[in-house]
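According to TrEMBL, the features are:
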- B:48-258: domain 'Nucleoside phosphorylase' (DOMAIN)
- B:83-B:90: disulfide bond (DISULFID)
- B:88, B:132, B:133, B:134, B:135: phosphate binding site (BINDING)
- B:211, B:213: substrate binding site (BINDING)
């Protein structure tokens, strides 16, 4: 069992905030957890894999699936939401695996990532790998194809994330860990029925106009304009479109977390 | 009762998408509703007020409160979630009032607004007023003060929202309906214990670095830098900070919906 493997000593999860260690208490507001009210090392110290996705129902189902796969004692149906005191996110822990929801869009997952990274830091976790398992729209692929993200790109197909810090725009890289992506591709090749590619993931800030959908409340472009944009995206290496990858990649990189996105083609564009 | 007032004939909720009326079926994916599977005019045609907020628990509690205030028949505890087939948003209808959650951040509320505006359009609703009732951080105000938003401003304190449409940045105005804001201010002056101001609302795309918090996983600025930014914001007319106002204001304006944000000072910055 993964949780019984020895801690290797390398790669403790890093925060990049000099104030944190001087604070008397750190409250993870949106998780309803805190360093004074909860023993975070005891609760979370053995975590090795964090799997996140938008939908709370799906992340509960994923926790139950992992419970069965790892042959954990007890009833998988009875996994309990560690964040049940709040409705912002849900969180399930199954052995060394944490399964969490993050809602939809960059701001929503950004709040979750700040508090998750602080949680892993306070819990003294080491060698954690972070995965986003979500829905996405495929670009030029057969339906059902799984895309493992190489890098997250913005609407101009650049591997960057623009973060506003106190009114100033800071540009951060969104290149992800190659090793993790390659390992996942290797795993998929050993399985039947999981056509998998490594590609760039376009991160948009809305579902309709940014992704070229013709069925939003607002639409000012033609079907041809849409196809032209998707063609350009494909030529730039984009294989799928979703709404969280850019800040996920940027924060993994800054905090020394290995991570990637594994998103099946699940939406028609 | 508001639902019994005659329909005035003006101001049907508008979509700005020439394709919509030619579609055989419109599926509101994130609500689990559709024009073929649901009779939207029958279900929603009498709606006059839509109240939205981030948290699903809070919007359920708000629906129960409205149920009591309007002295509706039946048990307020039994209001049922119209979107229960999905966990993306929750939706409660109490007479002419719709109470909905929108999650956190611009992308999340943007998806909800696209589908809400289409829903109101398909249901042939008229004279709808839209309110966001959410949490926010106050700027230079006493805790508890309610801020009614005049306009939503971006990190540079400009009343604009940048929407990416097929890879191009389109700038939209975020000025809100003055009449609604003034009526609300008038209402508040008739009540005890609701100190209320009209002011600009700063919309950020994250909770930590964008709002100057010193307790995120990442923090690259000092306490003085933070105070300096908040001082500049106050001078520019900002009275509170939250994460949804810009797209809310922009979409209300484009679709001819009267709306505003009524956010109490609920978070320390």
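Using the three backbone atoms N, Cα and C, a Cβ is placed for every residue, glycine included.
Structural mapping of features recorded in TrEMBL.
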residue	record	contacts (Cβ under 8 Å, 6+ apart)
B:83	disulfide bond	B:31, B:32, B:33, B:89, B:90, B:91
B:88	phosphate binding site	B:30, B:31, B:103, B:111
B:132	phosphate binding site	B:51, B:52, B:53, B:102, B:109, B:244, B:245, B:248, B:259, B:260, B:261, B:262, B:263
B:133	phosphate binding site	B:51, B:52, B:53, B:62, B:261, B:262, B:263
B:134	phosphate binding site	B:52, B:53, B:54, B:242, B:244, B:261, B:263
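Checking the recorded positions B:83, B:88, B:132, B:213 against chain A with a Cβ-Cβ cut-off of under 8 Å leaves B:88. Residue B:213 (substrate binding site) counts 21 other C-beta atoms within 10 Å of its own C-beta, drawing on all protein chains shown. DSSP assigns residue B:88 (phosphate binding site) to coil in the three-state reduction, outside any helix or strand. When the alpha carbons of residue B:213 (substrate binding site) and residue B:135 (phosphate binding site) are compared, the span between them is 16 angstrom. Reported as a whole number, the C-alpha separation between residue B:211 (substrate binding site) and residue B:135 (phosphate binding site) equals 14 Å. The 10 Å shell around the Cβ of residue B:211 (substrate binding site) contains 23 further Cβ atoms across the protein chains shown. For residue B:135 (phosphate binding site), the Cβ neighbour count at a 10 Å cut-off comes to 17, with all displayed protein chains included.
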